[in-house]
Amino acid sequence: MFTVFLLVVLATAVVSFTSDRASDDGKAAASDLITLTIKGCCSRPPCIANNPDLCG
């Protein structure tokens, strides 16, 4: 029974850790998009070509 408890705790910790890292990546991408937009990057074709994932 104790082994099952440890497995559940470990699985919960792994899921929590990976979902936290995914949300951090999303925040970084949003911050990059805001920075590019403020600088006017997404209105210039060469910049759009260099950042297609951010300028969409």
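Cβ atoms here come from the backbone N, Cα and C positions, even for glycine.
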CYS41, CYS42 - which one Swiss-Prot pairs with CYS55 by disulfide: CYS42
Listed as 4-hydroxyproline by Swiss-Prot, one of PRO46, PRO52: PRO46
Rounded Cα-Cα span from CYS55 (disulfide bond) to PRO46 (4-hydroxyproline), Å: 11
For CYS41 (disulfide bond), nearby residues of its own chain (Cβ under 8 Å, 6 or more apart in sequence): CYS47, ILE48, ASN51, CYS55
